[in-house]
Amino acid sequence: MTEKKYIVALDQGTTSSRAVVMDHDANIISVSQREFEQIYPKPGWVEHDPMEIWATQSSTLVEVLAKADISSDQIAAIGITNQRETTIVWEKETGKPIYNAIVWQCRRTAEICEHLKRDGMEEYIRNNTGLVIDPYFSGTKVKWILDHVEGSRERARRGELLFGTVDTWLIWKMTQGRVHVTDYTNASRTMLFNIHTLDWDDKMLEVLDIPREMLPEVRRSSEVYGQTNIGGKGGTRIPISGIAGDQQAALFGQLCVKEGMAKNTYGTGCFMLMNTGEKAVKSENGLLTTIACGPTGEVNYALEGAVFMAGASIQWLRDEMKLINDAYDSEYFATKVQNTNGVYVVPAFTGLGAPYWDPYARGAIFGLTRGVNANHIIRATLESIAYQTRDVLEAMQADSGIRLHALRVDGGAVANNFLMQFQSDILGTRVERPEVREVTALGAAYLAGLAVGFWQNLDELQEKAVIEREFRPGIETTERNYRYAGWKKAIKRAMAWEEHDE
């Protein structure tokens, strides 16, 4: 009798590294998770230690197999999904980073972005990379490291330094430096990649003065990139055969592989993607055009709206404001009041993402009166997540001409029934919550499994997708529009706050 086989998904996120073991029926067998340090050297700056990312991720891999009580030779393949845009530069010879990882949330490159705008690069970047000029993307982060670490640009030219997003870093470490590779989805988030020619963009490399020698090879999201040895007797070599940035992995895990299907992931930030099939839709409404995974991991395109603060705003209620002890408490307190008593919270702690793209916006609470209590502020913070999602959906529908009939949701905050119901109310559309919540890991597992024949095709996966609960709108259109108008007023007043500082 042959031993039962499994897929392992490594999910390297913004605040933790996770490993998930799945069987052929897409059941989760075991999960391991380790948090790591968030480093804030200056206001608006965010870093991670790349060695800590690697240490936490590699230890979760060992732990998850031990928890599942399976041996490494029962693993058919490993898929990787990761926080996108986060930028690492390391020495080819030693594998040692020359600087901390600069995280996607970090705003330190706002000045470089202003220069790009002044130099008239906006249209070129929009047309060729699908992105807007913002500190969010990797390109300006790589430039910043090369500008600030002495001698690094020359070393990069000589081929001594390598750049990678987190997927590239993990695969480099897992293959002992044999494989320097990324996939199309991660490359499409760097602002250095031409999403039409599917190659690094020479003009962007020239403008940011980034040597091509340091860039990884770009491949499909579902194929064998290399093999890793995860110990065990004789050290079984396991194929690494799936890579996708976290949001594209979630889109694939939700099986949004047809044009017009959309999902929203509620994690640290909020990320909404709509598959636009084989055509790259240029956004006129502040969204990104990005690469997604087609039915067999080939290139599809998607529209994306990124909201910077979702789950992070609930953490703020807990850690900084001390209004709740646990993120799960937010639903309980939000339902202790009938409404927000006119309060709007705009959680623009690190600026605003789509569709506004204002790095100078800052967080604010509007509509405070003497009758407002902590529960109103908690409720308004949760509601802000749903309002920001509507901002993105309005832009998406305008760009694509597609009216969304249902939104598939995933991520930690979808366990919050109050938030999901309010999301449906404020969108005026169905919200579908799947039974398997780990859809990001699921997407990475699907991509890895399809590449090695663990699953034969998408039809086999469709049978495994079960909707656990559907939320339907429960408020009238006039009420919906009235509340949303208040939100738009609040957003307007939070914008450009920092710009006026001398």
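Each Cβ is built from the backbone N, Cα and C atoms, and glycine gets one as well.
Some features that Swiss-Prot has for this protein:
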- Thr14, Arg18, Thr268, Gly311, Gly412, Asn416: ADP binding site (BINDING)
- Thr14, Thr15, Ser16, Thr268, Gly311, Gln315, Gly412: ATP binding site (BINDING)
- Thr14, Arg84, Glu85, Tyr136, Asp246: sn-glycerol 3-phosphate binding site (BINDING)
- Arg84, Glu85, Tyr136, Asp246, Gln247: glycerol binding site (BINDING)
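Locations of recorded Swiss-Prot features on the structure.
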residue	record	Cβ neighbours (10 Å)
Thr15	ATP binding site	16
Ser16	ATP binding site	14
Arg18	ADP binding site	22
Arg84	sn-glycerol 3-phosphate binding site	27
Glu85	sn-glycerol 3-phosphate binding site	26
Tyr136	sn-glycerol 3-phosphate binding site	29
Asp246	sn-glycerol 3-phosphate binding site	27
Thr268	ADP binding site	23
Gly311	ADP binding site	21
Asn416	ADP binding site	21
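In this structure the alpha carbons, written CA, of Thr268 (ADP binding site) and Thr15 (ATP binding site) are 8 Å apart.
Each of the binding-site residues Thr14, Gln247, Gln315 was scored by the other Cβ atoms within 10 Å of its Cβ; the lowest score goes to Gln315.
A gap of 12 Å separates the Cα atoms of Gly412 (ADP binding site) and Gln315 (ATP binding site). In this structure, Thr15 (ATP binding site) belongs to neither helix nor strand by DSSP; it is coil. The 10 Å shell around the Cβ of Gly412 (ADP binding site) contains 17 further Cβ atoms across the protein chains shown. Reduced to three states, the DSSP call for Gln247 (glycerol binding site) is helix.
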